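These features come from Swiss-Prot:
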type: BINDING; residues: Arg39, Arg45; note: NADP(+) binding site
type: BINDING; residues: Arg128, Ser129, Ser130, Gln248, Ala249, Gly300, Lys315, Pro316, Ile317, Pro318, Thr319, Arg341; note: FMN binding site
Amino acid sequence: MRYITAGESHGPQLTAIIEGLPAGLEISPEMLDLQLARRQQGYGRGDRMKIERDRADILSGVRWGKTLGSPVTLVVKNRDWENWLEKMSPLAEHEGQAEAVTRPRPGHADLCGAMKYGHRDVRNILERSSARETAVRVAVGAVARGLLHALDIRIGGVVVEVGGVAAKPSAEPYPQQWAQAAASEMFCCDPAAELDMKRLIDHTKSIGDTLGGVVEVQVLGLPPGLGSHVQWDRKLDARLAMALMSIQAIKGVEIGLGFEAARRPGSKVHDEITWNPARLQQGELTPYQRPSNHAGGLEGGMTNGEPLVVRAAMKPIPTLYTPLQSVDIATHEPYEASVERSDTCAVPAALVVAEAVVAIELAQALLEKFGGDSLDEIRRNRDNYLAGLRDF
């Protein structure tokens with residue numbers, strides 16, 4: 001499975017084409033719109049969330065609610081497009097009807113993108129580099145989540161830190177954490193930390209600044225053996241890290257203990273292996289068990305049967321209402337950077353995008369391992385594989 005996206009932040013729409021989905025997978029606009037709505041939630045979002053009410057249209061590859069096996073086309077329309085008809089027109093006759101943006105923002109793609117592509121109007125860069133692009137990736141992720149669900153795999157996540165305010169680690173089962181996060185404006189399952197996060201966001205907004213944070217994605221039900229150790233580009237942890245790092249403003253990724261593993265001796269890092277055949281009667285996939293999960297469900301580039309746990313660190317959004325110093329590329333004079341409509345804190349939205357890209361990578365890994373042209377064929381291949389693991 002592979003996909004590409006197209007579209008600009010203030011263009012008419014965002015488009016994705018997904019190739020390689022099996023036939024027979026259930027897809028509905030409602031399942032896509034649910035994830036798009038989650039992306040627009042969260043305390044600290046900007047005014048654009050009041051303008052946009054994202055909806056996904058399915059244009060190809062699906063008939064009567066099920067995939068056909070042909071490419072699937074998804075579209076998320078930009079409802080603010082009417083206000084940008086001439087500024088973002090593809091027609092040459094409208095050239096010059098919008099003032100050029102010549103003051104690049106520190107922390108954005110503006111300056112390096114303009115230099116790379118030879119643009120004197122930074123808008124030609126910022127429109128595509130905007131995190132608005134993640135809306136259609138979330139729609140693709142919703143399709144991938146559907147495949148995971150069809151194969152008895154569950155995915156969710158929580159916000160664990162905002163601007164240095166950290167939630168206490170929860171001992172609750174992951175599904176309960178997800179339910180608590182769903183009831184939180186911060187997607188956080190620590191009520192006390194949520195209050196502190198919101199207070200910090202309010203203060204930060206009042207001084208025209210922004211905040212970043214850390215999100216954690218958790219996945220249950222993954223069979224052992226997704227990914228591979230045999231080549232660098234087949235290692236699932238590497239692919240997950242690349243997917244997460246591709247999200248705008250993500251600057252770091254941890255799997256399991258992550259950087260904490262570097263601070264501990266090996267005896268406090270590696271997960272011991274036990275064998276308990278009674279696990280099979282309890283619905284587990286194999287008789288092998290780990291008393292701990294410091295590896296985060298991945299060893300040697302492959303899933304090991306334990307829950308997948310991966311975190312991503314988001315830097316503060318670089319568009320500030322108290323702008324940093326920049327240079328006008330037309331005059332080379334120092335100026336304050338230009339200001340685009342933006343959020344104070346988009347960490348909850350980043351969690352939804354992180355879940356989406358993790359779901360996409362896992363869907364690709366599942367199709368590589370259990371590949372088939374239809375969902376029924378994939379299920380048969382998976383069941384045969386798991387039957388062999390029960391006696392391993």
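A Cβ is built for glycine as well, from the same backbone N, Cα and C atoms used for every other residue.
Annotated features taken from Swiss-Prot, shown on the structure.
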| residue | record | Cβ neighbours (10 Å) |
| --- | --- | --- |
| Arg39 | NADP(+) binding site | 26 |
| Arg45 | NADP(+) binding site | 20 |
| Arg128 | FMN binding site | 17 |
| Ser130 | FMN binding site | 18 |
| Ala249 | FMN binding site | 21 |
| Lys315 | FMN binding site | 15 |
| Ile317 | FMN binding site | 24 |
| Thr319 | FMN binding site | 22 |
Spatial separation of Ala249 (FMN binding site) from Arg45 (NADP(+) binding site) - C-alpha basis, Å: 15
Rounded Cα separation (Å) that holds between Arg39 (NADP(+) binding site) and Ser130 (FMN binding site): 15
